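Sequence annotations record features per position, and here TrEMBL assigns domain 'Acyl-CoA oxidase/dehydrogenase middle' to 188-297. Here TrEMBL flags T192, G231 as FAD binding site. Among the features that TrEMBL reports, domain 'Acyl-CoA oxidase C-alpha1' is placed at 336-486. As annotated by TrEMBL, active site, proton acceptor applies to E471. According to TrEMBL, the domain 'Acyl-CoA oxidase C-terminal' annotation covers 529-661.
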Amino acid sequence: MAERRIVGDRAGWRIRVLTKHLRHLIPGTSLEASICLAYEPPEVNSGDAAFDKSAMRALLDGHDLETRDWLFNLMAKSDLFVSRKVGDKVFASPDFNEPMDEMRDKTLERIFFLLRNGVFKDFLKDNSIENSLKQMAVWEVLGIFDHALSVKLGVHFILWGGSIVSLGTQRHHDKWLRITEELKVFGCFAMTELGHGSNVRGIETVTTYDPSTQEFIIDTPCESAQKYWIGGAAKHATHTIVFSQLLIDGKNEGVHAFICQIRDANGRWCRGIRIADCGHKTGLNGVDNGRIWFDKVRIPRENLLNAVADVTPDGQYVSSIKNPDQRFGVFMAPLSSGRVTIAMHATNQAKVGLATALRYALTRRAFSVSTYEPEMLLLDYPSHQHRLLPLLAKTYAMNFAALDLKKLHLKKNPEDSKVVHVISSGFKAMFSWHSQRTLQECREACGGQGLKTENRIGNLKAEYDVQSTFEGDNNVLMQQVSKALLGDYFAARSKGKLMKGMGLEHLNGPRPVMSKELDSNVLRDSRFQLALLQLRERGLLELLDAEVKKIISTGLSTSEALMSSYKLAENLGKAFTERIMLEIFQRAEEQATGSMKKVLGLLRTLSVLSGVDEEPVFLRYGFLSPEQSQLIHREVPAVCAELRPHTLHLVDSFGIPQPFLGLIAYDWVESNAWDNVSGGSSQSIV
């Protein structure tokens, strides 16, 4: 009987398979059924959008949509940017298989192509907020194409050019800005050294002044003082901003910034300059990072960027800022713009990875629920939803936060510098960590296809890994955030004043109390979510305050106490950053109506609840009970399932055109077909 049943099952199975094949027959053709998978566009498995995608994109980008689309289109039409054509589609990305020198030369060639097409017009001469936002839109689009291109240009325009704008005076603006904008000089930014990276105060390059010639003398006194990781220095830069200790009559006046030429018009090193290549890197090889030694290099007195301090012809040091700590803070201002830029780029790279991986997951099938059923779409597996959709929700949250930070940075007054520093430090760390995690998850979610350079995800991970350490090591930045919060908390408590600014006013009110009865409606309420994040931030600040005071009471210094409490400090920095992100998300949500507002509410909820579910401090310090934590844990997959029908439309709303995603985001069967293999049709088969 068992044998008959097996035979019968096999016969039934064969009938079902044949029936499935016959459904694919085209009327009038012979009986040649295909057993092959047929590509189905993600739209087939998604349904209609429940919200206006153009309105969602406008909310995400926030500004300069026309500029973005124009620049995307400019690149997609140029063979300098297009890497492959499949059918009627072109795909634009760098060729990561090129030798390093060729990658660098191609980056420079693309820069001059952009210059000829007017991309950089008035980048430095027009300091209006509108023009600055337009520039940021350009950096974002270029970064979506190639991190190396955006970094090399960012070093030239933002770090070199921005330093001249913010740290220089009219004499520097008149001499340098126009030729910088026209790329008649190529600038770099010599701050970090072999022996000092994040600790800029400790750099060892020394500059003295010779009143007899009215020249500064820049010197590299030891090997650890060589300037290191200087983008553009190895091949193309002609000038640099040098950060150096300034010694006047034997007194160290602290770190100052100077303009120094390092190559002549023929590309030869200037007198006293030595340059070496930093060599091949795990990513970002389109940028020529170099090392610079200064052997008592003389520069004119006028090359000191003197908006903060100056040296008179006879060698007297003068400054309108008497406090050396405040003076140092002003010199570090260019780094805030760098962190703002990193926060934007990190978010955009997460978008590229998610758009590629989620479109693939809406077309790729694997396994069946039962033996004779059709294979399931990857995105219909709850596990696949759980691994990608929370990252999508967090990317939306970070997008709104990065957009808000851009505007805060551009509109800041001098008294806002600390706020911008603290928030940009937290965002830069959190967003670059998120980008790396997201790209890794997207890489794995695409299986072997995630490894192919043409599908972008794996290379993006390598190209953007540097973000976790440049412009400040992420762990150091998070401790700076918590140090600033603790300092404000100490000051307010000691003076009997209320906390003010950066949303910290919630610390002045009563401590939030979490209801024991949590249901789905409560968990999805933005007021509950904000109260929960405020409770964590408040609790961690109080714990850090108590721990630092306890350590100080043993005779150690405040700095030593903070170092001993590093993990609690990092947790506080994360809590502060995520609370600000939620407040910004809530404001973005208020701009929407109808179904778009509902979808944004789902994204907000998933962003917050998945973050709470992953974060051990809520249970470790009693901000949630085990029962409450279990309720949140069960709610996350429920929200993922509700977002599943909106997935395609949410990644389409990123506004990233087809050429700039990986090939598997579209017809991956066609792109891998024999006729589309390079040289495939001409190869002999033995």
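Here, residue 1 is simply the first one shown, and the rest follow in order.
From the backbone N, Cα and C atoms, a Cβ is placed for every residue, glycine too.
The predicted model assigns the domain 'Acyl-CoA oxidase/dehydrogenase middle' (188-297) a mean pLDDT of 96.
Cα spacing between the residue listed as 'active site, proton acceptor' and G231 (FAD binding site): 12 Å, rounded to the nearest whole number. Sequence-distant neighbours of G231 (FAD binding site) (same chain, 6+ apart, CB under 8 A from its CB) are V151, K152, V155, C188, F189, V287, D288, N289. Of all Cβ atoms in the shown protein chains, 19 besides its own fall within 10 Å of the Cβ of T192 (FAD binding site). Within the domain 'Acyl-CoA oxidase C-terminal' (529-661), the DSSP-based counts of helix, strand and coil residues read 111 helix, 0 strand, 22 coil.
A simple way to gauge crowding: the CB of E471 (active site, proton acceptor) has 24 other CB atoms within 10 angstroms, across all the protein chains here.
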